[in-house]
Each structure stands twice: as C-alpha cells, then as structure tokens.
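**Student:** Sharing the record's features from TrEMBL:
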type	residues	note
TRANSMEM	17-37	transmembrane segment
TRANSMEM	75-95	transmembrane segment
TRANSMEM	107-124	transmembrane segment
TRANSMEM	131-151	transmembrane segment
TRANSMEM	163-185	transmembrane segment
TRANSMEM	197-216	transmembrane segment
COMPBIAS	240-256	compositional bias 'Polar residues'
REGION	240-259	region 'Disordered'
TRANSMEM	309-331	transmembrane segment
TRANSMEM	351-373	transmembrane segment
TRANSMEM	469-488	transmembrane segment
Amino acid sequence: MTLPTPVPSTALRLTQIVFAIFFCLTCAGVIFGFAALKPVLIQEGVYADYCKPGERTTDPTTGEWLLCESQDIKLNFMFTLSAGVTNIACLPIGYTLDKLGPRKTSLLGATLFILGNFFFGLGYRSTWMDTYVLGFLFLALGGPLIFLPSFHLSNAFPAYSGLILSGMTGAFDASSIPYVVYRALYDKVKGGISLRTFFWFYTVIPFIVIVEQLFIGPPEIYQRPQAIALPPDIEAPTTDPTNLAVPSSDPFQTGPETPHDSAFEISASAFSRVHLGAPEDLPSVEAILDGKEQLHDSLHGLSARDQIMSWWFVCLTLFVCIHMARINFYIQSVTSQLLYYLQSPSLTLSLSKTFTLLLPLVGFLGIPLIGYLLDHRPWVEVPIILFLMGLGFGILGMSEGYIGQLAGILIFCLFRPLMYTALSSSFVLIFGFEHFGSVYGLSMTLSGLVGLLNAPLDVLVKTRLDGHFVGVDWGFVVLGCASAGWFVGRVRRGTKGGGRMD
C-alpha cells in the first residue's frame, strides 16, 4: 500500500517562501542593475583600453574617470547582449523547468550564477575570451533559473497565493538593488571594494541557494488546488481536513510534475504576476466570471499555431518588442542621455543616482497600484494608461530641465513593471492557458532578438549622430505610440463596454 505524501509543516512552508523571496531579490534580475554598476565599471577601468590615447580623462571637480565613447559602446553591448539573452532563453528555461523540476532547475541556476560572479570578478580578457561578457551572460541565465521555480510556492498557502506571488515578483522588480548597494559602498569607501572582491563575495548567495534547495526546498512542485482562487463574493467549498493527504484534494501536497504543473506554464514567465489555473479548470472559472470578461475575439481553445498566426499575437508581440528595446536602451544609456539633455555633469550624477535607486523602489512600491489596475479597473484602461505613460516618459525624457527629467524617470520606473504585468495578463485573457508557455515564450524570445538591435543603435548614436539622442528618442516615441495605439484599438474593438481583467 502506497502511503500519501505527508503535508509539509506550516513553519517549513513559510521558511521556503521567505528564502524564495530573498533569492528573487538577490538573484532574479541583477543584470538590470546595470545603470548602478556602470559607474563602478568605469572607475575600475573596465574596457578603458578601448579609449583612444588622451581620450580618457578625469573630472576636474571630483577626480573620477570620465567615460570615453568606445568604452561606453563596449559596456553597453555587454548589457544589451545579456538582456537579450534573458528574453531569448525564456522558452528553453521553461522547457528545462518542465523536464527537471523546481529543485534541479534552481540548482542549475545557482551553478550558473556562481560561474557568472566568478567570471565577472575574474576580469580576464584576451583575444579569445572576455570574462566580463561571459560572466554577465551567466548571471542573465542563472537569475531566471532561480526565480521561475519559486513560483509554485504560492500554492503552499492557496488562500494567500496572490500575496506570495506579489512578494516574489516585487522582489524581482527590486532585484537591481544589490548593485545599487554596491555602488553606494564603493563611493563611500572611495573605491575600496574592487569588482573582484564584491563579485567573488557575492557567490555566497548562490551557495545558500544550493544548500536551501538540498535541505529545505520542496523536491517537487506543490500541486494546485482543484480550481483557481474564486472571487471574494463566491463561497469556496470547504475541504474535509481528514482528506488533506489525498492527492486529488490536497492543495499542499507535492507530487509528480505534469505539463500543467510546470511553473513555466502556470506562471508564464519571470515577468508575470498572474496566478494561473490549469486548463481543465477553465470552464468552471469562465462560468463564474461570466459578464466580466467581455472579449469578443479571444483565442482560447485554438492551436498554438493558430494563436501565433493571429493578429492579436502580432499586435502584442510588436508592442513588447518595441517597448522592451526602449526600456533596455534607456537603462544602458541613462547617464549619457541625462548629460546630453541637461548639459550638467553635477545634475547628471545626481539624477543617475536617483534613477538607480528609484528603479527598484518604485517597482516594488507600485505593486498595490498595479494590482488595483489589473484587478478592479476595466481592461481597456490598462493599454490606455500604458500609452499615456509611454508618451509622457518619452516627452519628459527629452526635456532640458531637472524637474522634467525627474518626472520622466518616475514614470519610467512605474511604467516598466506595469508593462510586464499587463502584457502577461493580456496574453492570458486573449490566448488562454493551454498554450500560454509557448505563445508568451515565443513573444519574449522575439523581443530578446529585437533587443539585440540596441547594440548597433548605440553605435549609431555615438558615431553617425555625434552623441545626439533626440532622433532615436523620437523614433522610440513614435513607434511606442503606434504600437500602443494599435493595442488600445484592438482592446476597444474586442470588448463590450470595457471588460474586466479578472
């Protein structure tokens, strides 16, 4: 007789969740702290040999090294490549999670994260190897491999699954904070903490991940309840506590993975806050939500090929490709853009530090607002807000005043997490659950490929355009408004009176 898997204790499940949120904060998206790390790289002389003789100078006021054009291009390329790889790897990471399960996937991610910190701290460059680029690539891959497997832990406490997911994804939004802290410490001790010291010391974090996974973390995915969380006005059926150990009714039990148990399938991607249900739950859930989802042309039930060939897929993918490229281009060039528009090194330094602090902070503090927009406002309002925020950031980001640039930064820092969340939510509502991993993953992969164009775009600005960002920024504004406008138009045509995104 096969005994049922024992239910993990409350203390153990809480411990697992606390560790998961900590790992999301310290590992998930550290490469997006590039704006904070870049000044340290400049002072440490990374790629300074690319500068022409006499081109590398110091600031007469602060004595700090100034960035030369070729060095800037090389540093930005490192970030562009890594950010692109993060998105391109979305599908392979999901497949890995399907095959290996959460524990082995996390261990693989921790191993890559260790290698990333080791190689970046090594700082070795030759004609055949550049450990800065190699290390940043490993960090870009290791973070999502640690982050994605943690999403199933929201099933450890089904009544609080939304709160748990918000904590994890909020930690992801704030995961640039380690490099913000490093930059602050570096400035405080006047460069006393070298890159090698910091990055080799930081390998402690992924080693903790390994220990936690081997001795505390769940070996298999927590199975979902029989249905996704019901709206608060609908009473959920009670569960006989004597049946908690029965596989068919136990929301806490771990068990063998199935395609629907995959954290990639039920959580979509490293950028999704959406708590998804299994496809077999959909009929009852749709009946419960009847009258709230008013989308005429949803593509639920179609094959993955038909969904990918649809105009909805083209619309959303075009939106995500343009806006992710725009977001990453700004992150990599924020200091150069601020200096170009403000023409003041002191104001540029002040605002660039403000940006690196606000990027994680606003993303984390904006969770309640984003949740309110997605849960309680008509769906059509979300793309309209994205349209207005994208336009506002674009215009303010080209202003020549401190207040205008600061306002643009605030909008950008809130726009970024809202866009990630709204997109994944839109994919769910339009395409459903069954092929979500494939459809959303392909869109993210395409956005990663398009994002690689930021490298030649950066070269264009530095060379042909003589460092002038106006043309490129206006191009992003026009493309962003066009894609967002199409998104708004399709939502307005596809809803009856503005359906809710429930």
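Keep in mind that glycine also has a Cβ here, set from the backbone N, Cα and C atoms.
Bear in mind that TrEMBL entries carry predicted annotations, made automatically and left uncurated.
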**Student:** Thinking of Cβ pairs under 8 Å, which stretch from 107-124, 163-185, 197-216, 309-331 has the most of them with the transmembrane segment (75-95)?
**Tutor:** 309-331
**Student:** Excluding the flanking five residues on each side, which residues at least 6 beyond the ends of the transmembrane segment (163-185) place their CB within less than 8 Å of a CB in that stretch?
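**Tutor:** Answer is 17, 20-22, 24-30, 32-37, 39-40, 143, 147, 150-151, 153-154, 156-157, 193, 198, 202, 267, 270-273, 275, 353, 356-357, 359-361, 363-364, 366-367, 371, 416-417, 421.
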**Student:** Looking only at residues six or more beyond either end of the transmembrane segment (197-216), which have a C-beta under 8 A from one in the stretch?
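**Tutor:** Answer is 12, 15-16, 19, 23, 26-27, 103, 106-107, 109-111, 113-114, 117-118, 120-121, 135, 142, 146, 178, 182, 186.
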